[in-house]
């Protein structure tokens, strides 16, 4: 008996018992079993390998050599990986290993989401969970606080299995006899061995890690390997709906095959939770397999105590078939993977013929959508009353929170209803109601209330954009009693499901993807030999040269200018654009002083009723500019936005200059404008772009050219960009704020007069003209002011602007600052 006893560490490795004698056949040489180590040609008759007789090899080198040979044998011969061989191990090391084996606890978890708690759920925790479920519903945070010893993720994971088991069993209560009838009890009368073997077992083990990976477990399921036999045995017949899977192997030997099946022997006792008993619910209650109906097959080899259990009973096979039909997330075993007297041959066949893509078979939770019938008529809601259905659907406002009160819920709900009355029958999106609900809660909270009102038909009734299908969680238990309660419960679940992120699965190549992306695909499963043969055939084939024209450097030019399209009767302007004289003056001033592109923000307002965008102010910004492109400095952009907000304006657009070429957007400008439009449209706002060209060589007039544009959804014929459309701009008949324009002019002059791209304002701006750059600027400003004020005030203001420029640029010339390069650019 002493020679047969062996200790199993948490990796499944076999260590000779401390009581074994050196001459009893349990020496180190006997551990090298013939079927689990190298081919016979690699060793001598007595089983020893020649290199093991060399005493000069250190223990470290010996271990490295063993590992290399094991890996070579595993990958080349496709045999099962053997147990780790412990050579010349000291007795104190063995005792230390034995102590670790008896106290070790492992948690089996999904490799993508490691759980942080390995203790099984106690009866008290389960009772507290049920109390919290009855009191708080599916509020996992509150239930976690009630339990105290479990995190929110652990409570959620336990609840998933709890509801799943209730759905499988069909009844909330089940007698202990019914529960124990789902387990198969295997007894060895000679040694008193008992093993409760669940009919749904399939495991995978990694020999290099102290964790046993179980396929088809949920993310937070746990497996404990412990020696607490009495405690587990006492709790087995009691209520046990936990998702924890507990394995107990005290002082036993465990062989594990390459595919992950466990072959146990000696005195071992394995207890499993009832998470796997759901696949036996179709069996009769009194159908219990006795120990006489199951034969225990034991094989003893001369050099070791290797035992296997063969389950040959016909009823057991039928139960296995029933389990294979089960589609839950339990642990599933195939009948073809049961242990047999020749485990290595079975492993080889499985290696050659089977490729498991559990993730492709929808191991992850399915995200099916449950259709909700669209409301038949629009619902009128009393603005002063909160119905019970609203409290069930949006419970966060009725839990006594300081920030989320029923009064705040009324404010949000009634504001959304008011906005719907204004924009009816146009679709009311979530972002359009956010500006009027500042300091009323986060975006998701407002979105959930909007979704609830849309689902019940209070808003967006009859709109095509209204969506009545929401992703639904899998583990939801349906309430069948009251129809109204069912509808409210389902609605609440849809709203809660919006908080959870979409689960992903792995494709056959190991890449993360959406589960729906794998639907309708067929994968070809090839063995290693077939795959290698196909690769050799592909190498032998001549490579066909694809005659694809090489793209030239100019095939895609981000600075290519795209002419704007014009709105017509077929495609009308989405809104009108009106620009104040103050904004035109500042844009002209800013664009004239630099031969590099300048940039800034436009502030104003948008009237939804009149469909008019009013550009009231222009705020210059610092630019991160090169000779070819211009981007807005983030810090300066933030400051400009705050300046416009102080004046009561919203950011409704941006402007930049094309100093000496046409005011048409480049491909880069189109991309930038499209991104701005997409961002601001989420809140229901409008966003325009303006381009100022002061020194365009193709423009015979001294006035600047200005283009106001938006980017449409239409795609160009070659599919490389979206089409820009140009607005007809109207000037607003309001006098500018003279002092503000003068201060902006002073800031612009101080910033650009010493820059390398500064324009010499006293030089001729073009060869065929007598006007200097400053005189040209004054002509542009005079034209703008002629429509909003009398000529005397305009001339007085222009004189002050001219004196400001002359004083600054005269001092520059005295300091020796020349602008020859910019002059050449202007004259060209």
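Cβ coordinates come from backbone N, Cα and C, glycine included.
When Swiss-Prot records 656, 658 as binding Zn(2+), the matching candidate from 669, 671 it lists for that site is 669. The candidates are 110, 716; Swiss-Prot tags 110 with the feature phosphoserine. For the residues 179, 187, 539, the entry in Swiss-Prot flags SUMO2 cross-link at a single position: 187. Within 10 Å of its Cβ, the residue among the binding-site residues 656, 658 with the fewest other Cβ atoms is 658. In three-state terms derived from DSSP, residue 658 (Zn(2+) binding site) belongs to neither a helical nor a strand segment and is classed as coil. Neighbour density for residue 669 (Zn(2+) binding site): within 10 A of its CB lie 23 other CB atoms from the protein chains shown. According to DSSP, the motif 'LXXLL motif' (774-778) comprises 5 helix, 0 strand, 0 coil. Residues 656, 658, 669 make up the record's Zn(2+) site, and a Cβ search at 8 Å around their centroid adds 597, 630, 657, 663, 665, 666, 691 from the same chain.
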